[in-house]
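Contents: one structure, followed by commentary.
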């Protein structure tokens with residue numbers, strides 16, 4: 001509704017009525033071959049995360065804060081993958097490259113929100129692991145159901161209010177005649193690069209949001225795991241230390257991939273490297289690989305989730 005009102009009140013600014021998503025730059029002639037692996041990743045992401053939600057919902061033993069966080073991560077994964085993959089597959093299969101301005105800005109906002117939701121959920125999970133390992137006796141009194149809902153409610157409010165500025169500022173730019181985006185989704189930089197007026201405010205806003213949201217999240221995650229590592233190194237029992245590190249390993253692998261790709265994309269964009277395919281491909285993979293990998297990594301590492309999976313699939 002906000003975007004529609006803004007679109008109507010500023011209709012004179014738009015000389016184009018739609019954008020054209022060109023797909024993967026530099027490989028237009030054979031990019032359709034990417035559709036099969038991308039479709040398989042999307043189906044895997046959907047089925048695996050829906051299965052995680054079913055398991056957590058059905059198994060009373062999994063009605064605990066740690067699994068609530070995992071369920072929230074699964075919902076973010078489903079939302080992120082579904083925001084981009086249907087349109088990408090439509091481009092690759094049916095050459096359906098056009099997207100209205102409103103749809104483009106809505107997709108831009110949804111992508112930012114779901115990525116931020118994943119980031120903030122990783123923060124909550126890192127804090128959960130810190131309390132479980134470093135303050136085990138106080139865990140039941142600190143990490144309660146109330147804490148889970150308050151923490152995620154605060155993060156959702158923070159993300160939605162901060163990130164609404166991204167599509168609003170993009171919608172205020174003047175788009176004169178060029179409407180072809182060398183991308184397969186409506187990225188902020190890809191869209192605003194088509195504007196024929198000063199877009200510095202968009203770039204500044206993007207940098208500020210990256211530092212305040214992603215930067216603060218990453219800082220809290222690093223602090224949490226640094227404190228965990230410090231506590232583990234002080235343990236006298238090698239078995240207990242090994243168990244604690246094993247619990248955190250899967251978290252760290254996924255977090256490392258999540259933030260490393262974001263940093264690489266930012267570097268290639270900010271330095272103006274003449275490799276447009278790389279940031280576009282990384283952007284797409286970053287939005288579909290974690291949703292596919294997250295449930296598998298956590299399910300394989302967690303005994304309770306595996307048992308719940310066997311029950312749901314009637315394997316025991």
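Backbone N, Cα and C atoms are what each Cβ position is placed from, and that goes for glycine too.
Features reported for this protein in Swiss-Prot:
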| type | residues | note |
| --- | --- | --- |
| DISULFID | 104-196 | disulfide bond |
| CARBOHYD | 10 | N-linked glycosylation site |
| TOPO_DOM | 1-32 | topological domain 'Extracellular' |
| TOPO_DOM | 54-61 | topological domain 'Cytoplasmic' |
| TOPO_DOM | 83-106 | topological domain 'Extracellular' |
| TOPO_DOM | 128-146 | topological domain 'Cytoplasmic' |
| TOPO_DOM | 168-203 | topological domain 'Extracellular' |
| TOPO_DOM | 225-244 | topological domain 'Cytoplasmic' |
| TOPO_DOM | 266-279 | topological domain 'Extracellular' |
| TOPO_DOM | 301-316 | topological domain 'Cytoplasmic' |
| TRANSMEM | 33-53 | transmembrane segment |
| TRANSMEM | 62-82 | transmembrane segment |
| TRANSMEM | 107-127 | transmembrane segment |
| TRANSMEM | 147-167 | transmembrane segment |
| TRANSMEM | 204-224 | transmembrane segment |
| TRANSMEM | 245-265 | transmembrane segment |
| TRANSMEM | 280-300 | transmembrane segment |
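Around residue 196 (disulfide bond), taking its Cβ as the centre, 12 other Cβ atoms fall within 10 Å, counting all chains. The DSSP secondary structure for residue 104 (disulfide bond) is helix. Across the topological domain 'Cytoplasmic' (225-244), mean pLDDT in this model comes to 80.
Remote same-chain residues near the transmembrane segment (280-300) are listed as 24-25, 38, 41-42, 44-45, 48-49, 51-52, 70, 73-74, 77-78, 80-81, 83-85, 88, 111, 115, 118, 182-185, 187, 250, 253-254, 257-258, 261-262, 264-265, 268, 306, 309 (criterion: CB distance under 8 Å, separation of at least six residues from the stretch ends). With DSSP states grouped into helix (H, G, I), strand (E, B) and coil, the topological domain 'Cytoplasmic' (54-61) comes out at 7 helix, 0 strand, 1 coil. Counting Cβ pairs under 8 Å that are 6 or more residues apart, the transmembrane segment (147-167) and the transmembrane segment (62-82) reach 3 or more and are in contact. Of the recorded ranges 33-53, 62-82, 204-224, the transmembrane segment (107-127) has the largest number of C-beta contacts under 8 angstroms with 62-82. Mapped onto DSSP classes, the topological domain 'Cytoplasmic' (128-146) shows 16 helix, 0 strand, 3 coil.
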